[in-house]
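One structure is given below, encoded as structure tokens.
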Amino acid sequence: MVSLATSTSASQIDELRHSQWSQMLRRRGPFAPDVDPHLDLNGVFSSKILVVGAGGLGCEILKNLALSGFRDLHVIDMDTIDVTNLNRQFLFTENDVGNPKASVAAKAIMRRIPSTTVTAFHCRIQDKPLEYYKQFQLVVCGLDSVEARRWINSTLVSISKGGDFLPLIDGGSEGLKGQARVILPSITSCYECSLDMLTPKTSYPICTIANTPRLPEHCVEWAFLLEWPRAAVSKSENTKSSEEISIQDEGSLREEASVSLAPAFDPDIPWHVDWIVDHARARAAAFNINASEIDRFFVLGIVKRIIPAVASTNAIIAAACCNEVLKILTDCNPSLDNYMMFVGEDGTYTFTFNLEKRSDCSVCGVLTESYTYSKARPPLLSTLINHYKTTYQLTSPSVSSTSGFPLYFSSPIPLQQATSNNLSKPIVDLISPSQQLVFTDKALTTSLYVSLQDSDEP
């Protein structure tokens, strides 16, 4: 008996797999009354799609897009596979640990679906030039980094301002919660427009951590922020009495190994985490705090701000994102407008709403500010930089005048050194009142123009 795989070419198998799907897309419907029955679906499914991230969401997104019929996928990820990824990132096996996620994911998809080509890049998204991103018809993000999201968002907005249109579909998950959104650069709200919706990081007063801990979290923060640096300094001052840590396997005792304490804490090194666990438990016992929940996962959740990933949540969010890819590229139904929240912590709840575009957005809006000061006490340049760095969550801003005179450049190093003396000077000594300050930041695409207003003037 001859199998289908040996008697039929890959292209014929692909056509058979998607024949019913193609018929559905060619039908007229209430939201697509003018669909051409002879629509060139081959061109649609040959669209170049970039998937940013090959982790929990990225694996699901790649699988969904390939099975939907898209044949030209690209994936970029800077990370390598860790054994802790295997419970949810199903394209990887134990034999892949240590290898680049993007490369392994691409090979796994092409083995399972030969009609799809997946081109992998093991690098940072910032390593690719602007022209690289212009080749795609659409970008799907499955990232776990706010900074990476801000960068790709601002890059696509910048491309749109140059005349090229590149939709962005962004997905994110956090335990049993998640979100999917459609960003049409320069048309709808962008990622930067929603930056104030992010949950702030939990922090504890240092005096509580150091003197009066009341929670297991206080004990972990004490071991991480105070005790580890203290022990590391002690070790560096007296290498003959280096602190040694006994490492044990979870659940079973093995031969103990002694490891010298390193100055820099690395949460990806198991014995570093074990050291924090042991000292946090001892701290909890000393203050009669229940230490039963202090384990590796608890510690990592605090020091790395990690919320455990749930595979089923990733599947839900990835499916929502890929549905939007299909709708945008085939125009078979209206796309999401423009933000969908999924909450699975207490039952199942979804909510879709239009997140409005902000006119003062630092990426897709036009930014102008007025800074009022007293002529008797004019602000230093450093004061202004810190003010707007906090206000707009900038990373390393540079400042010049509207005439082009450099006031402070954060990079490259020679320019930073040449302009750093200006930081301690009053702003009125650097520019005339008729000029504006121009703030730029490497993570953003839009300049911030600041006018200086003397409060003593009428």
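Counting starts with 1 at the first residue shown.
Each residue, glycine too, has its Cβ placed from N, Cα and C.
Residues or ranges marked as active site, glycyl thioester intermediate by TrEMBL: C207. Long-range C-beta contacts of C207 (active site, glycyl thioester intermediate), restricted to its own chain and to partners at least six residues apart, with a cutoff below 8 Å, are absent.
The feature domain 'E2 binding' is assigned by TrEMBL to 381-455. Each residue of the domain 'E2 binding' (381-455) gets a DSSP state, and the totals for helix, strand and coil are 26 helix, 20 strand, 29 coil.
If you take every residue in the domain 'E2 binding' (381-455) and average the pLDDT, you get 81.
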